[in-house]
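The substrate binding site annotation in Swiss-Prot covers S6, H62, G138, F139, G140, G141, D171, G172, G173, G193, S194. What Swiss-Prot lists as divalent metal cation binding site is H29, D31, H62, D171, and the listing cites sequence analysis. If you look up Swiss-Prot, you'll see D31 marked as active site, proton acceptor, on the strength of sequence analysis. Annotation comment: Swiss-Prot describes D171 as active site, proton donor, evidence class sequence analysis.
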Amino acid sequence: MKVAPSLLSADFMHLAKEIESVSNADFLHVDVMDGHYVPNLTMGPVILENVTQMSQVPLDVHLMVENASFFVELFAPLNPQIISIHAENEKHPHRVLQLIKSSGITPGIVLNPHTHEESIKYLLESVGLVLLMSVNPGFGGQKFLDLVLEKCLKVKELIKRYNPSCLLEVDGGVNDKNIFELQQAGVDVVVSGSYIFESKDRKLAIEGLQNVRQPLA
């Protein structure tokens, strides 16, 4: 399992130290919020540029914004590995995905918990990652929504049919209690914020998620 600690849960007063504490992660997950699509504001390109100078871990950028193409053009020069946009609020998602891809970045598509998985069927050939929100977007520290496990299975079947190389990622409430179920549901990458950053040994917490084991009965 690949693991992406969410910087939304980090202490920004000590960001360099926080990033070093999760340096064994596969990605760093960056939530960009504009205060319109979701009721919260987070980091912009200046902070993200600083992050790239602090770490060699690939960046996984999640745009929770309106007018995603504007933000893609802001963040693409920083060379994140992934930029994901929401399917729900884009009039022309294929156009934005192509913009991301033309920048040499893996495009991703995001679904909120209650958005039907069939809505992305015709976009799957244009993406390298599908991100399923397992909480309502906007704030960290929320409880995992179990209904997303069934959705993972359905999306994985769509991926197998339309784009087998596409990764499946889940974001929200991920911890050591549900990681095995997520792996069984076909998830390739998990985003975890509060669980990792509230752990005494963050590197060990990441390793525990990476090396998934069936929980004892």
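Cβ atoms are placed via backbone N, Cα and C, with glycine included.
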D171 (substrate binding site) has its Cβ surrounded, within 10 angstroms, by a count of other Cβ atoms equal to 27
Among the binding-site residues S6, S194, which residue has the fewest other Cβ atoms within 10 Å of its own Cβ? S194
Taking 10 A as the limit, how many CB atoms besides its own sit near the CB of G173 (substrate binding site)? 23
Note the Cβ centroid of H29, D31, H62, D171, the recorded divalent metal cation site, then list each other residue of that chain whose Cβ lies within 8 Å of it, in sequence. A4, S6, L8, V30, D60, V61, S84, L131, V191
Find the one among the binding-site residues H29, D31, H62 whose C-alpha lies closest to that of S6 (substrate binding site). H29
Can you tell me the three-state DSSP label for S6 (substrate binding site)? strand
Under 8 Å Cβ-Cβ from H62 (divalent metal cation binding site), six or more apart in the same chain: what's there? H29, V30, D31, V32, S84, G108, V110, L131, D171, V191
Which of the three DSSP-derived classes (helix, strand, coil) applies to G173 (substrate binding site)? coil
